[in-house]
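Colleague: This is the structure, below, for whatever I ask next.
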Amino acid sequence: MKPDAHQVKQFLLNLQDTICQQLTAVDGAEFVEDSWQREAGGGGRSRVLRNGGVFEQAGVNFSHVHGEAMPASATAHRPELAGRSFEAMGVSLVVHPHNPYVPTSHANVRFFIAEKPGAEPVWWFGGGFDLTPFYGFEEDAIHWHRTARDLCLPFGEDVYPRYKKWCDEYFYLKHRNEQRGIGGLFFDDLNTPDFDHCFAFMQAVGKGYTDAYLPIVERRKAMEYGEHERNFQLYRRGRYVEFNLVWDRGTLFGLQTGGRTESILMSMPPLVRWEYDYQPEAGSPEAALSEFIKVRDWV
């Protein structure tokens, strides 16, 4: 079947609705929607939940942008895209909880297509989800990765190991020599064997995110914590900011190509702190995190 951008867009709009409903059901607070238009073509729906019962901030963004020509920064790496009109669409979300025992989570699914008359379209899917705990719980990490593995299995035995490895490699802070979190799945440039297969996989990843995340939220959201744990959470959120502003390709691409800054930076935590040469106390749960987030096989 030839690529159907309209079908993908409808799935993404429904996915945004569903995830917002699921997060509201856990939290009690409602999302505020900000619809926006892009002068050069397209627009989106940014939805933010702030200061809820469970989530300090949750942002779920849908965007669909299109244009007559790709920016030079994109065609430099992909000369085959020169002279083509394009559509790029996706849902991207980040959830920052109040409770330090509840991990931060991120998910993204996206579709890109570039066309010109008389030529086959160039298209691909990308996406994934990853988890950033502040305090490590093995049962949470196992559940997260088991859910990821199980949704991949119908698409092949090698899919989960390949996309887990890619996730571990992508969410890595070179300047800190550490992982951002415990990973999950990351894929890009997916266009084989055919559109239907790739679209089905993207749908499985999009739907699988809440299956992976919400049971962990329910398990941890009522755990008691104090100022000590909160301070550590805010310190570790600094790593999230560092990754997004220094290494994340999506953030950099969006900012360099005139994307909507408010939506791009919606992933930022509302509060964060840095501390010069911070060293956690030896043997403490905070010190244990550096070992916990090292790459390993969780399932």
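Any Cβ shown, glycine's included, is placed from N, Cα and C.
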Colleague: Can you find which of Ser92, Ser267 Swiss-Prot lists as binding substrate at the same site as Asn108, Val109, Arg110, Gly258, Gly259, Arg260?
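Modeller: Answer per Swiss-Prot: Ser92.
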Colleague: Looking at the ranges 132-167, 240-275, which is given as region 'Important for dimerization' in Swiss-Prot?
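Modeller: So the range that Swiss-Prot calls region 'Important for dimerization' is 240-275.
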Colleague: Give the number of CB atoms, excluding that of Asn108 (substrate binding site) itself, located within 10 Å of its CB.
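Modeller: That number is 21.
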Colleague: Cα distance, His145 (Mn(2+) binding site) to Asn108 (substrate binding site), nearest Å?
Modeller: 16
Colleague: Note down the number of other Cβ atoms within 10 Å of the Cβ of His175 (Mn(2+) binding site), including every protein chain shown.
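Modeller: There are 9 of them.
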